[in-house]
Amino acid sequence: MNMSLPADRDTAKKPSAQKPSAHAQNATAAVDVTALGLTESEYTQICSLLKRSPTKSELAIYSVLWSEHCSYKSSRRHLRQLADLTEVTKKHLLVGIGQNAGVVDIGGGWAAAFKIESHNHPSFIEPFQGAATGIGGIVRDIIAMGAKPVALMDSLRFGAASDPDTQRVADGVVSGISFYGNCLGVPNIGGETAFDPVYQGNPLVNVLCVGVMRRENIRLANASGPGNLVVLFGAPTGRDGIGGASVLASDSFTSDAKANRPAVQIGDPFVEKLLTECCLELYAADLVVAIQDLGAAGISCAASELAHNGRVGIRLDLSAVPLRDTTLAPDEILVSESQERMMAIVHPDNLEAFFEITNRWGISGAVIGEVDNSQYLTVVHEGKTLVRLNPKTLTGPSYNRPVKKPAYLIRRSAANRLPVTNDPHLLREDILQVISCPNLSDKSVITNQYDRYVQGNTALCHPDDAGVIRMYKNTGVALSCDGNSRYSYLDPHAGAQLAVAEAYRNVSVVGATPLAVTNCLNFGNPENPEVMWQFRETCRGLSDACKRLEIPITGGNVSFYNQTDGKDIFPTPVVGILGIVDNLTQTLTSGWNAPDLFIYLLGVTRPEFGGSVWADTMYGHIGGVPPKLDLARESRLSNLLVAGAKKRVFESAHDLSEGGLIQAIVESCLRHGFGADIALDTIRATSLTEALFSESASRVLVSCRSQEDLRDLCRRNSYEYTLIGTTRHTGELTISEIGKFTLNELSDARQKVTRVLFRG
């Protein structure tokens, strides 16, 4: 479902010109609407809109399209601020919020479509299929924009690494992502994986996809042309996924939720691969007037969105729908979420050519309706009219839910009161313990399951800070997705801004100019005023950060009801940023690539441990406030990094975020196997603990050959720099105040947890 933001509508509607049959009308007499996910108040509102009782099929449609997942009824009023654009942020934006994905101009007549979405609840119940179909769904969103999918990323959150069920969920999710993505032939170039007890029983599976196309080939989900035909093509419709949007994605559930397995969709990546190539050929032949993928709510959602966006009517005949299960009732056909299906609007003169292409690719299809001037969605089955309603009524209500600042924020204790030390023996133990914690551990056992180089255009991928895909000539598209739920738990407004800043920085450190943002907002129960306060503050933080950085939000996804057994997850905004690389020969990797390089820390280190990995790992402490962020400095840092890459001032660049300086140093050593000699006394810090583990924002670790060039670049951008060491040939990291670590020792420490968890 698109993150469209329709206006809060007047619920007074004219009665339909043609009512459904009496038989169909009476079908809702004994229906328990609450079992369908509707409230009694919402059912009354539906009756008021229709001026009558809904039919069984109409009620099935409303129950899904008025779900939280589809309607954004709790989030819509807060999301409006994300759509605010200035003349500067409009510069590269071609398609914004409201379509299947955002589209930005990347130069040379090319455009990139990108979006991130969630598949959280299904991935707990059936981890493999839940995650796999999450990949399939986001890929079809990109295809529906007219683009060829060229890269994937994922942001994953699992429960405690020590919990027995985490291995089942994590292993299944990663296997599902790798299976579907690898079979589809789309490279997975990066992302993030985190573990925390707050996600026990409610993992987060957020998937980002980017596709490319010529600017003139952008497709929209706007039906037009009365008399044009509605064609359903792809896999036949089955029973899987019925009620997925309302049963799984729009309600809380208990940790024992196996009964919901039928609501999890089943995917076939080989059909999706054929469907992808088929669509691209249909676009090249200009045979599609409009197109919509089938995801949440299936046929009912796709048809209503096409009609609503195009301000036309659509008449469907369910008798013409190709079925995998012939026992499906009409209302089940309407809301089935069977995968690998698309709905296209086709001119009658082009129908023969359309089916010639689908048949060549082995894709089945059928004409199931046509566009008309009625402004209504009409559905018939075996001659009986089952549905007659205005698609505008399907956008759902807009709630102004109460908000309340959480009580835990009043009781939080400051992290800067935790014990710090300058003792070298204690610090050595701290370093090994922190870098081996689940959230900082080596994730290559995950990413090695993904085909990162299929299609042959991957220039950078994990473990670098951003992935880069080769584009026209020698340019590239850079992608990063980031989030820190501990920061958002402590301060949702600041946490959202820090997520934007980190993704922005990660794109910049590879030498790319950030262009646009997509986001996935994962929250608990919206009926909880404290959760709604978190959500409101997060939206405000996203809006403020993007305006300050002059970068547009192109769309995204909201996932509420991430709550199991009454316990809400931490607020978890995940931000994806797309950037453009002017020259791929100037991209930067995250690790030292030679000995005898000078190592510099850019930025200022402060005693900032609120929400840090160090505080959580060493003391089980999550309190205080997140690191302070100055977005003007973040913008200057980005300009400095991009300029330094173009002028070849840097040999490498690595963002500092979770784990602070020591994590960046260790990863930079292990990236290409070069050690380093580090001295911490040049860093202005109150303790060695602060120098090593502080998570102060807007900092980057760089290496260079010419110190004068680096210092001159920093001075011209008014940015702080500190020489902290040099790289070395031997496989050792020496910190003068602490001692030596072998790279094997560091590598083993970082692999302990994930090797066990993912059967590595």
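Using the three backbone atoms N, Cα and C, a Cβ is placed for every residue, glycine included.
Positions annotated as region 'Disordered' by Swiss-Prot: 1-25.
Residues or ranges marked as active site by Swiss-Prot: His69. The number of other CB atoms found within 10 A of the CB of His69 (active site), across every protein chain shown, is 28.
Neighbour density for Asn519 (ATP binding site): within 10 A of its CB lie 31 other CB atoms from the protein chains shown. DSSP assigns Asn519 (ATP binding site) to a strand. Taken from Swiss-Prot, the feature ATP binding site applies to Tyr72, Lys115, Asn519, Gly556, supported by sequence analysis.
The number of other CB atoms found within 10 A of the CB of Asn557 (Mg(2+) 1 binding site), across every protein chain shown, is 24. In the three-state DSSP scheme, Asn557 (Mg(2+) 1 binding site) falls into the strand class. The Mg(2+) 1 binding site annotation in Swiss-Prot covers Glu117, Asn557.
Taken from Swiss-Prot, the feature substrate binding site covers Ser118, His119, Asn120, His121, Arg140, Gln265, Glu337, Ser338, Gln339, Ser559.
Residues annotated as active site, proton acceptor in Swiss-Prot: His119. Just so you know, the Cβ of His119 (active site, proton acceptor) picks up 31 other Cβ atoms within 10 Å once every protein chain is counted.
Under 8 Å, Cβ to Cβ, and six or more positions away along its own chain, Asp141 (Mg(2+) 2 binding site) finds Asn100, Ala101, Lys115, Glu117, Cys209, Asp293, Gly295. Secondary structure at Asp141 (Mg(2+) 2 binding site), taken from DSSP and collapsed to helix, strand or coil, is helix. Under the heading Mg(2+) 2 binding site, Swiss-Prot lists Asp141, Asp293.
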Starting from each candidate's C-beta and looking 10 angstroms out, tell me which of the binding-site residues Glu117, Asp293, Glu337 has the most other C-beta atoms.
Glu337
Look up Glu117 (Mg(2+) 1 binding site) in the DSSP assignment and report helix, strand or coil.
strand
Tell me, by DSSP, whether Glu337 (substrate binding site) is helix, strand or coil?
coil
Let me know how many other Cβ atoms fall within 10 Å of the Cβ of Arg140 (substrate binding site).
26
Quick note, Asn557 (Mg(2+) 1 binding site) and Asn519 (ATP binding site): C-alpha atoms separated, nearest Å, by 6
